[in-house]
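The domain 'Ig-like' annotation in TrEMBL covers 199-270, 284-371, 381-447, 467-560, 774-862, 984-1072. The domain 'Fibronectin type-III' annotation in TrEMBL covers 569-668, 669-770, 871-966.
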Amino acid sequence: TRQDLTGLFTEKPQSGEVNVGENITFVAKVNAESLLKKPTIKWFKGKWMDLASKSGKHLQLKETYDRSSKVYTFEMQIIAAKPNFAGAYRCEVTSRDKFDSCNFELAVHGERACWYMLDSFSTDGKEDSGELDFSTLLKKRAVQVSTEPDLDVWDILSHAPSSEYEKIAFQHGITDLRGMLKRLKKMKKEEKKSAGFFPQKMDPAYQVTKGHKIKLAVEVANPDVEVKWLKNGQAIQPTGRYIFESVGNMRYLTINHCSLADDAAYCCVVGEEKCTTELFVKEPPIMIVKNLEDQMVMKGERVELECEVSEEGANVKWEKDGVELTRDESFKYRFKKDGCKHVLIINEATKEDCGHYKVKTNGGESMAELLKLYILKLYTPPVCVCVLKAKDQALFKCEVSDENVRGTWYKNGVEVKPDARINITHIGRIHKLTIDEVKPEDEGDYTFVPDGHAFNLSAKLNFLDPPKIHLDCMGRTAESTIVVVAGNKLRLDVPITGDPAPTVIWTKGEKVVTDGDGRIHVETTKGHCVFTIEGAERQDEGIYSVVVRNPAGEDTADINVKVVDVPDPPQAPRILSVGEDSCVVQWDPPLFDGGQPVIGYVLERKKKKSYRWMRLNFDPYPDTTYEAKRMIEGVEYEMRVYAVNGIGLSRHSSASQPFVPIAPTSEPIGLCVDDISDTSISLKWRPPERIGSAELEGYGVEYCKEGSKCWSHPPAYEWIPAIQGLTDRTSLTIKNLTTGDKLQFRVRAYNMAGPSVPTTLAQPVTIREIMQRPKIWLPRNLRQTLIKTVGEIVNLVIQFQGKPRPKVTWSKDGELLSPTFASVRNSDTDTILFIRKTERKHSGKYELQVQIENMEDTASITLQIVDLPGPPQALKITDIWGFNVALEWKPPKDNGNCEITGYTIQKADKKTMEWYTVYEQYRRTNCVASDLIMGNEYVFRVFAINLVGLSPEPCNTADSAYIQKTGIEYKPPTYKEHDFSQAPKFTHPLVNRSIIAGYSTTLSCSVRGMPKPKVTWYKNKMDISNEAKYRMLSKQGVLTLEIRKPCMFDGGVYMCKAVNDSGEDIVECKLEFGLFSFRLVIIQKNTHTQKKPIQINRAIQIE
């Protein structure tokens, strides 16, 4: 959002007027007294063109600062004004969250009107581009010399007839008629030419920031035309920075990483046509990243003022107290550039060099102050005086830069007064403090403070004390061992004493431990030496020695450090067995226990296709074999294990091999004997009630003979397989058995987990055939008459039983069935009667006999074959009265082998002969037709109905019934018959189409005409009526031509021609193969963090 206007201007630029060739200056003033930061000003031409980068021959921008009034003055000077400089200008000033803006106008007088007229009537039509870079963007405006509205003479002439040219020229003061006619002719030619080559031109100008990318787009009329791009009249070659694109009718020039060299005029050329634009590259302002810092300096020292800018190689300006600095003859000031860093160097600083130094860029400035101070120089003893015994002498000595500077000595902040032991002297620039026969109470900090200066130097007086290490855990016993967990921070804080402070050396074995490793830190403070290891590791375990030394002696101590860690991960677990919802897993202990005994294990499992592990136990499990339960049968799982010791959990082991919990199915059910003979037996059973998630692989059938070892105690190996392998059926016939053997049978279901629990017969079976009385199982639907229509199929399946296999006999009406009359197929348990196509003769009573020796069973089936009935007979009109007619008829001779269920009576007017139903399902053989219309003559017909349907033919009345009129007879007038004939005319024409190859398309139009016209389709004036690729449709006057899966050769001109006796009409269209288009919207983020959509139209041709 734009900041609010805050009235920063104390003086705003005013609108002005200037003659051509003269100079004009616009001034803006800003009061910076209340501003925290220097204001930034921008000058604009029009709404958006920034003039900061356009400084040059005709434009100068200046700024000055008055320190006394704290007012910034900004000037914009236009030199040698030209007519195209006229227009609206804007000045904007910004300072942090404050903003102000001012608009003003510039009018250019003098030769402008003459220049405009010469331009208007010039025969070449070219405009003067001016000398400023932005001249092509400034609109040329004629001086308004009258209050009448502007009239475009050329627009009037271009729309007027040639006979009016002289009159219009006279009215508007045009005297060069020949030049006027030449320009008009050229204008019309250029308009026609431009419309043909550039339907969409580029904007007059574009602006881009240095280092950014810009894309110039122009649309051409012909998608296949070649274009050439020029830069300042020179052809551009495609490189990594210049990219040419051609997409349909659009031509693009992309310029990557724009530099100042790309600020030029660009032109797209097609033949003799040109489309020109101008690109302005705006250089971003140079910002100061690191500001100058205030410095204090001593006379004669070297001074370096350093700043850092946002871009390498940028130009900066140095000022001292508002005066620009340059390299003088003595090289007092030196300017140094190092990438983005800029340094001002002052050799041998003097008092005159103190002041305010400023560095400026076009994007900001930074200021620092240089101060001169008197610096003290301290001589021996340095920092501290070490005294081993009393009655020694301590001497403090310092030097100042000026011998006139006096000062005061302090001890621990208290002024030192001279006495018999303490002597204070000042000779020249040297100040001395001497203490004779030093005592313990003389120990402390001694400071010299010069008068009038906020600066001092200190020294300390101490007595010597031998170093001593104070530790309770020294040695290498278990009680003195320091235990640290791996990954934790190890901090050994060793108390030490000694004066002066001793130096500390840490060693491990023969190696001195220093801060070289990023994890290890050695620090010495007053009374302590600290040894720290960040994130202890196993290799950090061992004996550490600390040695403290000072001039009075040394002391040594050993510290035993033990690093304990979580154990290594166990080996990959192994799956020993699986159950329905469980498994047994086993693993090996970890190779290293981490220095602490392993107290147990934690197990996790997950589904193979999942990423989520689920913990199985929360308390450590002590053994290395575990039974995991509550799993889902049929789902693939993986297992992994963690080891646990007193420190914590190890990393997890690698996952086990995937496994699937599966249980055997339940036992098959319903095992029974289906059939038995002297050498075979047939068994049947039903599938298990629970199969589980694994697929059922089959059934295994086994038997055991009476008297074998397995009879009373049947182990698995005593059972004899009845077949090799498994059977997938639920029944099995076992053959080649010994007659008289007593056998026990069992069946087991198999899946991936193995066999199920077996199911056995209730009792053993003796292999011997059993006599069974014959019995026919007649279906319920065959116990009543079976009705079939003529031509239908009859397929009767009737089950029976009996052993041995019974003899089956079919007969009809007491006679055996002939194979040509009906087909019969028999098996051990059923018989089939099959008639492929029934006829009326197949009706009757069929008898089935099943016989075993002197035992038999019979069943009868009645079959009725029905057909449509014949027509009724002797339909006649028995009476006519009023609006009623009485009818009577006789039943049909052929009832279709079934009962007549009714009749359908219909009537028809003799004029139209359209039949209407009077009665349906009428059961009697006479009826009365009522509500007839007088004056009409009617005929009647009757259909017979049975179970199959209506009779194929009706019975019609021989005579008609005329309903007499009553009252006056009406004679209708006669009229001349209207001629409805009309020549064909297309009410909806064909439309030009652009289609895609391979996709069927249609062309549609509509036509009217009387009589109905004949329609013919043509392609490129060739008749296509008989070509299989085209399908012509006509419905309610709408004509459609369907082209099936067109190819590129089907393009052309299609014509539809309609002809009748009254005339003809044609309509045509053009069919071509076109383009897919889409629009891509790119959101570009500009420098003001505003998102600006850029639309790019593209087209893709699909062949």
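Glycine too: its Cβ is placed from the backbone N, Cα and C atoms.
The average pLDDT computed over the domain 'Ig-like' (199-270) stands at 87.
DSSP labels the residues of the domain 'Ig-like' (381-447) in these numbers: 3 helix, 33 strand, 31 coil. For the domain 'Ig-like' (284-371), the DSSP-based tally of helix, strand and coil residues reads 3 helix, 46 strand, 39 coil. Secondary structure of the domain 'Fibronectin type-III' (871-966) per DSSP, as helix, strand and coil residue counts: 0 helix, 53 strand, 43 coil. Here the domain 'Ig-like' (199-270) has, by DSSP, the following mix of helix, strand and coil residues: 3 helix, 37 strand, 32 coil.
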